Structures are given as C-alpha cells and as structure tokens.
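Per TrEMBL, transmembrane segment is recorded for 29-51, 71-92, 99-122, 147-168, 189-212, 224-243, 331-351, 415-436, 448-475, 496-513, 533-552.
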Amino acid sequence: MKFKGDSMSGVMEFSVDWRGRPCKANKHGGMTAAVFVLGLQAFEMMAIAAVGNNLITYVFNEMHFPLSKSANIVTNFIGTVFLLSLVGGFLSDSYLGSFWTMLIFGFVELSGFILLCIQAHLPQLRPPHCDMVSDGDHCLEAKGYKALIFFLALYLVALGSGCLKPNIVSLGADQFRRGDTEQSRRLSTYFNIAYFAFCMGELIALTLLVWVQTHSGMDVGFGASAAAMAMGMISLISGTLLYRNKPPRGSIFTPIAQVFVAAITKRKQICPTNVQMLHGSQNQVPVASANVSNLLHTEKFRFLDKACIKIQDGEKESPWKLCTVTQVEQVKIIISVVPIFACTIIFNTILAQLQTFSVQQGSAMNTKIAKGFKIPPASLQSIPYIMLIFVVPLYETVFVPVARKVTGRSSGITPLQRVGIGLFIATFSMVAAALVERKRRISDETVSIFWIAPQFLIFGLSEMFTAVGLVEFFYKQSLEGMQSFLTAMTYCSYSFGFYLSSILVSLVNRITSASSHSGWLSDNDLNKDRLDLFYWMLAGLSLVNFFNYLFWSSYYSYNPSLSPPRQNDESPEQDLENQGRETLKHMNGCSWK
C-alpha cells in the first residue's frame with residue numbers, strides 16, 4: 001500500500017520550505033541541504049568546545065574560584081547547556097520550527113561569546129592577577145558585578161547552545177525521507193557524518209583554539225569562539241532556500257497529558273479483548289492524512305489503553321476523556337525510552353571528569369613535548385578526536401557494510417546495540433585514569449602528560465558508539481512533531497551526567513573528610529587529593545550501569561510502525577504489514593506490563 005507524501009512505515013511526513021509552501025522532492029532536502037546544517041554543527045561545536053573544555057583554567061586562574069568549586073561551575077554550565085536542549089526541542093516542535101529556533105538562539109549564543117571576550121579583555125572586569133597554586137589563600141575571588149557579568153555571559157552561551165543542539169540534529173535528519181529504503185540508509189550515514197563534523201569541530205577547538213587561549217590570552221580565545229560561531233550562522237543561513245522544514249504542531253504536552261487524565265478517569269473500565277474496538281485503532285497498515293500520524297497498537301503498558309475506551313455511544317467525548325490509539329502509543333514510546341536514557345547518565349558523568357579533573361591532572365604533569373613548546377593540558381582532549389576522524393569513516397565504509405550483510409539492517413547494528421558497546425568500553429576509561437593518577441602520585445619524577453592519553457582514547461571510542469547510537473535511537477523512535485524534543489532528551493543525559501558529577505564531588509568530599517585530614521577532592525593541589533580513588537569509584541559505577549542497561553535494553557520493544565526497513569525487505573510498507581500481522585497474533589486483554 002502506498003500513498004502520497006513522504007512516509008515511514010505509514011507515518012506521514014509533511015515538510016515545507018522556509019516560506020511555508022510544500023517542499024519539492026527535486027529541490028529541497030537531501031545531503032546537499034544537510035551539508036549547511038553540518039557546517040553549523042562543526043563551527044558551533046568548535047566555538048562551545050573551545051570554551052567548555054578549557055573553562056576550568058579560566059575560572060580557576062582568572063576568576064580565582066577554588067578548584068572543586070571551579071570544577072562544579074564547569075560541570076553545572078555544561079549540564080545547563082544540555083538541560084536547556086529540552087526548551088529548544090519544545091519551542092521547535094510546538095511553536096517555531098527547527099530553523100527559526102536555531103536562527104534566534106544562534107545569535108543568543110554569539111552574544112554570550114562576545115561578552116566573555118569583553119570581560120577577559122578588560123582587567124577591571126576581573127579580580128586582580130594572582131597565582132592560585134602558590135597563593136590561593138590570598139587571591140580575591142570574583143564577586144559582585146564581576147561575577148555577575150561572567151555568569152551572564154556564560155549562561156547566554158548555555159541558553160543559545162542548549163536550544164541549538166537538538167535542532168541541529170533534527171533539521172539535518174529532516175532532510176531525508178525516512179520511508180524510503182535508500183533515504184533511510186542515508187539517514188544512518190548522516191548521523192555518522194554529523195558525528196564526524198562534531199569530531200572535527202572538537203579537534204580544531206582543542207588544538208588550535210585552546211593553543212590560542214594559552215599563548216595569546218583568553219580574550220583572543222573567546223574572540224575566536226565568537227568568530228567560529230558567526231561562521232556557523234552564515235552556514236545555516238546559506239542553506240535557507242534548500243531546507244525541508246517540519247512545521248510546528250502546537251503544544252506536544254497536551255496530548256500526552258490527555259492520555260494520563262483519560263486513563264486515570266477510566267481506570268475502573270475493562271479493556272475489550274478485541275483491541276480493534278479501541279478508539280482510533282489501526283491494526284493494519286494505517287492510512288495517513290496530511291496532519292495525522294498513525295501507530296499500530298502494542299502490548300506495553302496496557303493500562304493506558306483504557307484512555308481509548310469509548311463509553312458514550314453516539315456522543316462525542318472530550319479529548320480529555322477519550323484518546324486515540326496513536327496518542328496512547330506515543331506516550332508508551334516516551335515511557336519506554338526513559339530507562340534507556342537514564343542508563344547513559346553515568347556515561348556522561350565520566351565525560352565530565354575528562355573535561356575537569358583530567359585537565360588539572362595534565363597540569364600537574366610534564367607538558368613539554370619539544371624544545372620551547374609545551375602542550376596545553378586541555379588539548380589532550382583532542383587525542384580521541386584525532387583518532388575518530390579516521391575511525392568514523394572506517395566504521396561507515398567497512399564495519400557498516402559488513403554488519404549490514406549479516407543483520408540485514410541499513411545501519412548495520414541497531415542503535416541499542418551500539419549504545420551498549422559504548423557503555424561497556426567507557427568503564428575502562430576510568431580504570432586507565434585511576435592507574436595513571438596513581439603512577440603520577442608515586443613517581444619520583446614528573447610524569448609525561450601523554451600518560452593520560454589512554455583514558456581519552458578509550459572514552460572517545462566509547463562515545464562514537466554511545467552518543468551516535470543514542471541520537472539515532474531517539475530520532476527514529478520519535479513521531480512527527482516530536483523529533484526535536486525526543487532528540488533533546490539525549491542531551492538531557494549529558495546534563496544529568498554533569499550535574500551528577502557536581503553532586504558526587506561534593507558528596508565524596510563530605511563523606512571522606514574528617515577532622516584530621518581533607519577529603520579526596522577538597523584541596524587545590526592534586527598531590528594532596530586522592531583523585532585516583534574517585535576514578536576507581538566511577539569505574540565501579542560504570543560497570544554496574546552497563547549491566548543495568550543490558551536489562552532495560554533487552555526489555556525494550558519497538559513499535560512496529562516506527563521500525564526501520566530492513567535491507568532485504570521488498571518495501572517499507574511490506575515490512576510494516578508483516579510486523580502488523582505478528583503484532584495482531586499476540587494481542588490480549590488489558591493488564592500491567
């Protein structure tokens with residue numbers, strides 16, 4: 001069965017150009033349009049990474065906050081960036097659309113970079129110069145208007161970047177028609193290319209821009225970030241005429257709330273054995289209209305199906321008392337992905353250490369790599385991205401084709417399998433970090449900074465699997481009008497991971513402190529701290545988290561309407577018909593599951 005418009009397994013896709021007119025297949029979308037979005041991806045990442053990855057140096061050395069407080073300022077900032085992605089996803093799906101959300105908040109982020117540059121350039125906006133390592137107790141911490149300007153600039157960057165991130169992913173992915181087998185394959189390729197652009201942005205930020213910050217001053221470095229952001233906005237605007245835009249659909253929370261209200265209201269009702277009696281049931285290939293997406297019924301969370309029971313024959317019931325199967329299935333999807341999302345929080349707590357304590361760890365090591373040249377500690381974070389610019393193309397050109405022949409899937413392995421591999425590898429990043437920190441502490445001479453390279457390399461490899469797999473999973477499980485918001489949930493994982501890092505640092509200090517000695521992370525001197533023990537604790541948490549993920553990922557089941565077409569299937573529609581028949585075989589009455 002086929003119908004007009006772009007579809008994925010019966011789910012209607014409706015796209016317009018920048019003026020609100022229906023898109024033309026030969027003019028809008030495709031990789032040509034996605035390239036402009038990828039340009040913004042690379043330049044924005046270059047700008048934010050140069051600030052975020054070396055921010056602890058500026059906060060500690062220039063603003064004179066204590067080391068543990070500086071680490072928390074950085075993790076709270078990065079956590080806020082990703083938490084605000086929910087705001088960006090909501091505004092995009094509900095009111096503005098991805099393109100206009102990106103255009104508005106891109107300039108907000110640019111203004112934050114400019115304000116940071118101004119503060120770093122003007123001495124009167126910073127505390128008097130002081131060496132925090134040798135005279136930390138006598139250095140004046142930034143307070144009053146100096147702290148206000150700093151945090152205002154920092155959180156303008158956070159607001160802009162947070163609202164951009166989910167929309168960069170969704171607008172780029174929207175350029176491909178998910179219902180077409182070839183386009184579906186290109187969509188998976190796009191996610192890998194997007195990660196490659198992310199790696200290139202990170203690499204340039206952690207080498208060139210961090211070097212500029214170290215040798216020319218933070219004011220010049222922040223100015224370079226502002227210039228990179230401006231280039232990204234130019235790239236975004238240049239593709240305006242080519243984009244396929246998904247129009248906003250109004251509040252995405254109202255239909256979700258209606259399902260819960262209706263299910264609770266009808267909690268005493270008994271679901272019919274035949275699910276075809278449920279309101280709006282589509283137990284065959286759905287016939288989609290221009291504004292409606294239809295989902296097949298599934299067995300999960302059957303209690304919510306009570307929201308679809310019609311009890312007033314011949315009378316129209318309120319949307320708060322009677323919902324469609326599609327509405328209910330949408331809520332089931334959201335509930336089902338929450339455990340998967342939660343299992344990546346510890347993963348991002350590990351990432352937080354690589355951007356804070358590992359940078360300070362490098363500062364306590366021998367940074368000289370050649371006569372007269374010292375490597376900035378923050379630049380060590382570029383090591384995984386140097387590796388990944390070679391590994392990501394190999395993954396796409398070698399691993400995916402081989403896996404595709406074995407599994408029959410266009411992406412080679414499923415997104416959930418990809419996430420699991422990454423979570424397992426991440427544990428060994430903290431094991432390497434703990435071993436190296438112990439070596440640094442007991443060594444009679446200053447250890448070379450390159451000893452901390454393995455922890456970055458291992459985590460970089462794990463991130464290639466987890467980060468890309470998670471974004472692809474959330475996007476492919478999202479419905480029309482919810483792509484940006486569900487994609488934003490992946491960034492919330494970063495947010496909670498960094499917030500958890502701040503909580504763990506404070507909690508560990510409190511528990512390990514006693515009247516006779518300081519806590520593991522309470523001094524400004526790593527030689528007195530016990531960072532190695534903190535890393536071992538994170539390694540243990542990561543391993544436990546991996547087994548927790550195995551449980552939830554094995555429990556998760558895809559909605560047949562959103563299952564990606566396999567390579568060897570005749571068509572997406574035929575694939576859906578086969579899955580729909582399998583679904584009908586297992587339908588029973590209502591119960592909790």
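From the backbone N, Cα and C atoms, a Cβ is placed for every residue, glycine too.
Note: TrEMBL annotation is automatic and uncurated.
In terms of C-beta pairs under 8 Å, the stretch of 29-51, 99-122, 331-351, 415-436, 533-552 lying closest in packing to the transmembrane segment (224-243) is 29-51. 415-436 is the stretch from 29-51, 147-168, 189-212, 415-436 with the greatest number of Cβ pairs below 8 Å to the transmembrane segment (448-475). Contact counts against the transmembrane segment (29-51), taken as Cβ pairs under 8 Å, peak for 189-212 among the stretches 99-122, 147-168, 189-212. Simply put, out of 147-168, 189-212, 331-351, 533-552, 331-351 has the most Cβ pairs sitting under 8 Å from the transmembrane segment (496-513). Touching of the transmembrane segment (147-168) and the transmembrane segment (533-552) is ruled out by the presence of fewer than three CB pairs under 8 A, sequence neighbours closer than 6 excluded. Here the transmembrane segment (331-351) sits against the transmembrane segment (533-552); at least 3 CB pairs are under 8 Å, leaving out pairs fewer than 6 apart in sequence. Through the fold, the transmembrane segment (189-212) approaches residues 31, 34, 38-39, 41-50, 53-54, 168-169, 172-173, 175-176, 220-221, 224-225, 228, 376, 378-382, 385-386, 388-389, 392-393, 395-396, 400, 464, 467-468, 471-472, 475 of its own chain, all at least 6 residues removed from its boundaries and within a Cβ separation under 8 Å.
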